[in-house]
Every structure is written in C-alpha cells, then in structure tokens.
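If you check TrEMBL, you get these features:
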- 249-253, 289-296, 389-391: FAD binding site (BINDING)
- 492-514: compositional bias 'Basic and acidic residues' (COMPBIAS)
- 4-137: domain 'Photolyase/cryptochrome alpha/beta' (DOMAIN)
- 488-524: region 'Disordered' (REGION)
- W320: site 'Electron transfer via tryptophanyl radical' (SITE)
- W376: site 'Electron transfer via tryptophanyl radical' (SITE)
- W399: site 'Electron transfer via tryptophanyl radical' (SITE)
Amino acid sequence: MNKPVAIHWFRKGLRLHDNPALLSALEKVGESHYELRPVFVLDPWFVKNARVGPNRWRFLIQSLQDLDNNLKKIGSRLFVVKGSPLDVFKKLLKEWNVKKLTFEVDIEPYAKIRDEEIKQLAEKHSVSVITKVSHTIYDLEQVYKANGNKPPLTYVKFQSVVAKFGTPEKALDAPGNLPKPCQTLLLSEDYNVPLLEDLRVDLTGLGKELFPGGESEALIRLNKYMNQQEWVCKFSKPDTSPNSIEPSTTVLSPYLKFGCLSPRLMYHRIHDVIDGRKHTSPPTSLTGQLLWREFYYTCGAYVPNFDKMEGNPICKQIPWKSDPEDKHYLAWKDGKTGYPFIDAIMTQLRTEGWIHHLARHAVACFLTRGDLWVSWELGQQVFEELLLDADWSLNAGNWMWLSASAFFHQYFRVYSPIAFGKKTDKHGDYIKKYLPVLKKFPSEYIYEPWKAPLSVQQKAGCIIGKDYPKRIVDHDIAVKENLAKMKQAYQGHKEEGPENETAKRKKAPSKDTSPKITKFLKKK
C-alpha cells in the first residue's frame, strides 16, 4: 500500500513564506508517515482560452520555476499536473492515496465554484480538506459579518470595520526541511514546470523582462524599498509620477497578485519602518494601498456580478458603446488615438505589462466618460489581458471608479489627455521613449502634435496622419458631450448602491476647484 499523501495545492499563493495552508499540510506528516506533494494544476483549457497576454504568462512560469527551486532547496519539489482541476484530483486522490488536501481561500466567483466541486470530490474519497486565508490581510468573511452581513461599500467604512480587529497577525515563517517525495516522483520529468514555449502562447507581444516573476524577486524588491526609510514614510500615491521613465512606485502589485509576496508580510514590514516616525496615512500611504486592495477584494467577494454593469446593484447603468469592433475602442487598445500621452501609456502596457496607477486613471477616463464613451467592461478586458498584476476584484473596482459608475461620482472631474501628463513630464520624455516616432518633436508640440506646422513635422520626420495618427476625437468637444450624457444618466434614476463618501461633503461645484488636480485635469 502506498504511503498516505498530503497535497498542498498551489494556485495563487506561489510562495513558501506566510503560507498557512502549506504549513497545515505539514502537520503530523512525520508522525503519520505522510508524504507531502506540492501540486500546481495547469489547465489546458485555461491556457487556450484565458484572457492572458505573453508578459503575464512569462511571469507565471517564472514564479512556478522559482517556487520549484525553493522547494528543492528544502527537500521537495513542485508537481505541475496538466488537466482541469476536477479531472486531475479525481485521478490523484485515488492513485496517490491522498488523505489530506490543503489550499488557500480564493474569493473569485469561478474559483468558489471550482473549490466547492473539489471539496465535494474530496469528501467522497474521505480526504480531509483544510483551507486558509492568506491572499488577503483580513479574513473577508469576518469583515462581511462585522459589517452586518454586508460588504462595506466605501473605503472609510471599510477602515472603520477592520480597525475593530486590531493589528493583523504577523506573517508566518517559511517551512524548514520538507519530507522528500518518493524518489521516482522526485526525479520524474513528467511533472516539470513547462517552458513558456511549451504553452504555445503567441510570444510576438513579449516585451523586455523588467519584473521577473517569483517569491525570490518579490522579497528582493520588498527589501529594496523597505530599506528606503524616508521614502516609505513620505510615500503618497497621488504625488508619484504616472510618466516617469523608471517606476515611481514599488511595482510589488504583480507579486501580490500571484501571491509571490504575502500582503501580511508587506504590511508589517511597512509598519516596522514607520513606527515612531512621522509618516503619511491611508488612503494615500503604502499601508493605504494595501487597504485599497482589501477593500476591493471584500466588495468583489460579496457584490453580485461585480465585474459587470448589468445585474450589479452598486453600478450605474450607463448607455455606453459596447461594440468590441468600435473603431475608437480599437484605436485606444492599440495606442493609436492620436493623443501621445494616452498612446504612450497603452504602448507601455502592451510591451511591459505594467503602467502607473495614475496612468491607468488617465486611459480609463479617456476610454469611458472623458472622450470615447466606450464601456468600462471593454477596458477591463484589455487590462485583464495585458497587466502583469491583473487582479479580478481590483480591475473591476477601479474601472467602475474611473468611469464614475460606482464608488466615485464626481463625473465632471475629467483627466485631460494633454495637461495631465505635462504636470510631471513637461518635455514629454516618457512619450518619446514609448513613441519614438515623435522623439524629434519640440516640447511645445509633443502633447499636441496636430498643432505643429507642417515644416516642424517634416523636420521631426513625422507627418501627422501619415507617420502618427490624427487624433480620433477633439477632447474639448467630446468631453462636453460626454458630461451631458453623464448628467442625463445620473438624473435617470436616484442614487442606489453604496453610500457615497463625496455626498457627505459639501456639494462640489460644477468646475474643478481642487488645488491638487484642477491644474492638470483641465486642458491648459
């Protein structure tokens, strides 16, 4: 009879540190002579049909390779098994004599269905199942219950709820030496991490590797920023630059998304730095960024149809254009709108898989209520494909916010595709990096190349309408038309869904008056 097996199923949570489900798989392994087998299931259907670009596939494969290497250092390995999770576990539970299965809680709708199927299968085979919360700092079910069995629908409300829980528990250490799987399986190539080429993913859009995947890189990056004490204490997200040549933020979001980095570890590392020192506070601080993540995760877990407009009780029902063949949408997606700031951001997104938070604001506003009147759901799909850190809850929540469909309702605050970028990059160095066709344009025309005289265009070697697109809309005209549509949509029904934080304040005037944003939201 085969030795009884405990499987830890990696999905997200691709790390050894602060992995309570993995540690649960190890409990009594020695006493019961259990054998631990860490498993990752690679579903061929997902490989073929998921909306995932080549940059994120590379990040995932690198993360799996790093996890495999780290497991080997402590005596084990990663078993990558191909097939649908249900089919894989039907086979493994029987063939491997599995007695225990552990995995991390996942709140995404498809994952809840998948995990319930696996739990039912395990019960039929008398396999004990242990699940642990570790992809978020807080147990979202506890947050939900503490808020009267409903999700807190504003950031301030969320803060007040989690404040009752006190300081989050410390992150757990990675396990030491692991019990070795049987020698045959330990050496078997059948369970190796596949190469990127093996997945038959279209690699034509694969960009330069800037952010290698994996726990090892995540911890290096975390240490790099936590060693900058003054920077951490003074960090304020709105003051960072959306168009700096090098990222002005940590770029830890992809590592949090794949679970290469524990949010709990990051939380405590930040607080170790700021403790006893003057520092910024949520929502703009580094801790505040982690809490935004927790807030959107909670909403995503408990708001029906959170990633859709229809059937979503907190989302404004706005008559957007929703044709995936719409020429304006395709121009935005391909970085060919004729607005260099927007096109540079979309080019960076496609080639590198990451763009700054405020750059996401700019292109999302441009696509929806600002200029093109295209549905946020189509924008959400593009981000889902191209972002390294594409995260279901955050992606949906931020797109609803930026389109003023939920959470944020001052729809008249529109990011200018011209003035916003000038605030932090007057000479357009960012544009010249990602749109080299414009690199010889004088600074005075780099954000509005259509205004350049033909002689200037000829000297720059770039004729607008030939070498670089004409602008697809006139921002000044489009924004006025869209503001009228938004006003009509808002007046079409009474406020529903979440309590609106902005409504609690003095009613905002019809023109932008915020000293921080007026000067770059409005076109100069």
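Cβ coordinates come from backbone N, Cα and C, glycine included.
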I want to check the contact list for W320 (site 'Electron transfer via tryptophanyl radical'): same chain, sequence separation of six or more, C-beta distance under 8 angstroms. What comes out?
M309, T368, W373, V374, S375, W376, E377, S403
Can you give me the same-chain residues 6 or more apart in sequence from Y296 (FAD binding site) with a CB-CB distance under 8 Å?
S393, L394, A396, G397, N398
The domain 'Photolyase/cryptochrome alpha/beta' (4-137): DSSP-derived helix, strand, coil residue counts:
60 helix, 30 strand, 44 coil
For W292 (FAD binding site), which residues of its chain lie six or more apart in sequence with Cβ-Cβ distance below 8 Å?
Y155, P283, L394
Could you give the Cα-Cα distance between V251 (FAD binding site) and W399 (site 'Electron transfer via tryptophanyl radical'), in whole Å?
20
Whole-number Å only: compute the distance from the Cα of T249 (FAD binding site) to the Cα of W399 (site 'Electron transfer via tryptophanyl radical').
20
Where S253 (FAD binding site) and W399 (site 'Electron transfer via tryptophanyl radical') are concerned, what is their Cα separation in Å, rounded?
17
Over all shown protein chains, what is the count of other CB atoms within 10 A of the CB belonging to E294 (FAD binding site)?
22
When the pLDDT values for the domain 'Photolyase/cryptochrome alpha/beta' (4-137) are averaged, what is the result?
94
All-chain count of other Cβ atoms within 10 Å of W376 (site 'Electron transfer via tryptophanyl radical'):
26
